[in-house]
Amino acid sequence: MAYPFQLGLQDATSPIMEELMNFHDHTLMIVFLISSLVLYIISLMLTTKLTHTSTMDAQEVETIWTILPAAILILIALPSLRILYMMDEINNPVLTVKTMGHQWYWSYEYTDYEDLCFDSYMIPTNELKPGELRLLEVDNRVVLPMELPIRMLISSEDVLHSWAVPSLGLKTDAIPGRLNQATVTSNRPGLFYGQCSEICGSNHSFMPIVLEMVPLKYFENWSASMI
């Protein structure tokens, strides 16, 4: 999860987030190299007294500054497209959870079970227990098995919302009348926090998301106790 004054991304918990962090580093390095080159050229222009007043064209330079940007764009586009395909691909999910956004709470339905559904509201600050996080704790957590592919179906009952959990690399819009899907896979157990990431009204910032990833045995015991 995030901590105060954090400058980087949250620790990756899913394969998708690991790929996104690698892509971030890859793209950031390209941006750094381009920025360094531009600053170097600007410094040369400001410090050197040599000028070419008679130069009308330079075919070699024009060829380079046409081909080089195209090559850089390809280096960015190829890994980006690969990650996009990975995020859309869902192979044999073991569980499907339907998520509905409301003003201003989330409701969840485990579609593989006959009667396993609940609403998830933020716990008010005056009801928090010691050690709990302000504006992030909920009364009903989403319990899911770790290390298994899970499909999330996401929609909304009223206005636009967005279901986002940064450490899992997830951000999917909840649109009324439309079902979007996302894949959830966690590499380790724990609590993972997120929030609604689309302005949805006056209490937009009071729609936290808490995923509790547990081993499969614990998930089976939890689901049996909830039915």
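Cβ coordinates come from backbone N, Cα and C, glycine included.
Listed in Swiss-Prot for this protein:
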TOPO_DOM  1-14  topological domain 'Mitochondrial intermembrane'
TRANSMEM  15-45  transmembrane segment
TOPO_DOM  46-59  topological domain 'Mitochondrial matrix'
TRANSMEM  60-87  transmembrane segment
TOPO_DOM  88-227  topological domain 'Mitochondrial intermembrane'
BINDING   HIS161, CYS196, CYS200, MET207  Cu cation A1 binding site
BINDING   CYS196, GLU198, CYS200, HIS204  Cu cation A2 binding site
BINDING   GLU198  Mg(2+) binding site
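When DSSP labels each residue, the topological domain 'Mitochondrial intermembrane' (88-227) comes out as 21 helix, 61 strand, 58 coil, counted as helix, strand and coil in that order. Helix, strand and coil counts from DSSP across the topological domain 'Mitochondrial intermembrane' (1-14) read 0 helix, 0 strand, 14 coil. Least packed by the Cβ count within 10 Å, out of the binding-site residues CYS196, CYS200, MET207, is CYS200. Away from its own ends, the topological domain 'Mitochondrial intermembrane' (1-14) comes close to residues 20-21, 24, 166-170, 184-188, 190-193, 213 of its chain (Cβ-Cβ under 8 Å, at least six residues beyond either end). Take the mean position of the Cβ atoms of CYS196, GLU198, CYS200, HIS204, the recorded Cu cation A2 site; other residues of that chain with a Cβ within 8 Å of it are GLY101, TRP104, VAL159, LEU160, HIS161, SER162, SER197, ILE199, GLY201, MET207. Other residues of the chain with a Cβ within 8 Å of the Cβ centroid of HIS161, CYS196, CYS200, MET207, the Cu cation A1 site, are GLY101, GLN103, TRP104, TRP106, SER162, ALA174, GLN195, SER197, GLU198, GLY201, HIS204.
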